[in-house]
C-alpha cells in the first residue's frame with residue numbers, strides 16, 4: 001500500500017542550513033549533506049531543501065550543494081527557492097535533484113509550469129503554494145517569501161497548477177506556520193480534494209497527533225516540517241511508529 | 001567490471017551514476033554502440049515522457065541496438081516502460097523487447113496520479129531480489145504502468161496490482177527507483193551487479 005510520507009525541510013543559505021538545527025553527536029550542524037544523511041538513516045521518506053540565499057553567487061553554490069547531497073543520499077529530494085527558468089531546473093536535475101519546487105516564478109508566469117512539465121515530466125515539477133487566511137477573502141496565495149498577496153484563491157491556483165502539469169502541490173499555511181497548533185486542515189483538505197496530484201501539507205506541525213490528523217482528516221499525501229525535526233522534539237522513527245499505531249500506512 | 005549507463009537524455013541519470021559510485025563501481029554514461037556492446041552490464045534509467053525518449057533512442061540508433069544486447073540489462077522507471085510494445089503516453093511504439101502495453105492509471109476518486117511515494121513489493125521471484133522480504137518498500141514516481149503478466153517478477157498495488165519489475169532473458173527492469181529506494185534499492189542494484 002502506498003504510504004504517507006514524512007518530509008523534513010532544510011532551509012539553505014549560502015550552501016549551509018540555517019534556522020538552527022540541533023542534533024546530538026553531529027559536530028557540524030550546519031552541513032546539509034550530513035543532515036540529509038542523518039534524516040535518511042532515521043527513516044525520512046524524502047527531503048526538501050529550500051534555498052533562501054539572495055545573492056548572485058546563489059546558483060553556483062546551490063548546484064554544488066545539490067551535487068554533494070545527491071552523491072550521498074539514497075532517498076528522493078526536492079530543491080526549491082528562487083527557481084525561475086528552464087535552465088535553472090535543468091542544472092538542478094542534471095546535478096542530481098529529483099524534483100524542483102516552483103513558487104513565485106510560477107505565479108508570475110503560469111505557463112512556466114507547462115513548459116517545465118513538457119520538458120522534464122510532471123513527476124519532477126512541484127508547485128509550492130504559500131497561503132494565508134484572512135476575512136473576508138479566505139485562503140489567498142502569497143509570493144516573494146510570503147510578503148506579497150497575489151489576491152488569488154488558494155484552491156483555484158492549486159487546481160490550475162495541477163492542470164498545467166505540476167506533479168505535486170506543496171501547500172504551506174502561513175497562518176499556521178510556526179504556531180505548532182497543527183496543520184491547516186480545512187485548506188489542506190480542500191486542495192487535496194480539488195487536485196488529482198499528491199498534496200504535501202506544511203506549516204503548523206507541533207505534535208505527532210497533528211500528522212495523524214492531517215492524514216486522516218485532510219487527505220494529505222505527505223507531511224512536511226522543519227524545526228520540530230531539527231530540534232529533536234519529534235523523532236522521525238517515533239513519529240512513524242505513532243502513525244502506524246493510528247492505522248496510517250508508513251514505511252518503517 | 002565495465003558498466004554502461006545508456007545516455008539518451010532520459011532524465012535524472014546522475015542519481016544512478018551516484019548510486020553506482022556509492023557501491024564503488026565505475027560506470028560510463030554513453031550512447032556509443034561499441035562501448036555499449038562491450039560493457040559487462042547495462043543500465044537503462046529514464047524519466048519523463050515516452051514519445052520524446054523513443055525519438056531520442058531512434059535518433060541515436062539505440063532502438064536497433066538495445067534489443068540485440070545479451071549481457072545483463074537493467075531498465076529503471078521509464079527505462080522499464082520503454083522495453084514494452086506500446087505506450088498510451090502520446091500513443092507511441094516502444095522497443096518491443098517485452099510483451100506488455102503501458103497504460104495510464106485510471107482517473108478515479110481519491111486516486112492520486114502520479115503514483116508517488118513508497119510502496120510495497122510483493123510476489124518477488126528473481127535473484128534480483130535476493131535478501132529482500134515480501135512487503136519491503138521502494139520508491140515509485142510514475143503515471144503509467146505495465147500490467148501484470150508472465151514476465152512479472154515483482155508486483156505492487158495502486159490500488160490494483162501492476163508490474164513493479166519484469167524480466168525477459170537478460171533484460172531485467174524495475175518501475176521504481178532503485179537509486180532512491182534506500183538500503184532496499186541499493187541491495188537490488190548490488191544483486192544486479194552480481195548477475
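Backbone N, Cα and C atoms are what each Cβ position is placed from, and that goes for glycine too.
Note: TrEMBL annotation is automatic and uncurated.
As recorded in TrEMBL:
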{"type": "DOMAIN", "residues": "B:5-193", "note": "domain 'Glutamine amidotransferase'"}
{"type": "ACT_SITE", "residues": "B:77", "note": "active site, nucleophile"}
{"type": "ACT_SITE", "residues": "B:177", "note": "active site"}
{"type": "ACT_SITE", "residues": "B:179", "note": "active site"}
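Annotated pair residue B:177 (active site) and residue B:77 (active site, nucleophile), C-alpha to C-alpha distance, rounded: 6 Å. Sequence-distant neighbours of residue B:77 (active site, nucleophile) (same chain, 6+ residues apart, CB-CB distance under 8 A): B:45, B:46, B:47, B:141, B:142, B:174, B:175, B:176, B:177.
Here residue B:179 (active site) comes close to B:15, B:16, B:18, B:19, B:45, B:76, B:185, B:189: these same-chain residues lie at least six apart in sequence, with C-beta atoms under 8 angstroms from its C-beta.
DSSP assigns residue B:179 (active site) to a helix in the three-state reduction.
The Cβ neighbour count for residue B:177 (active site), using a 10 Å radius and every protein chain shown, is 25.
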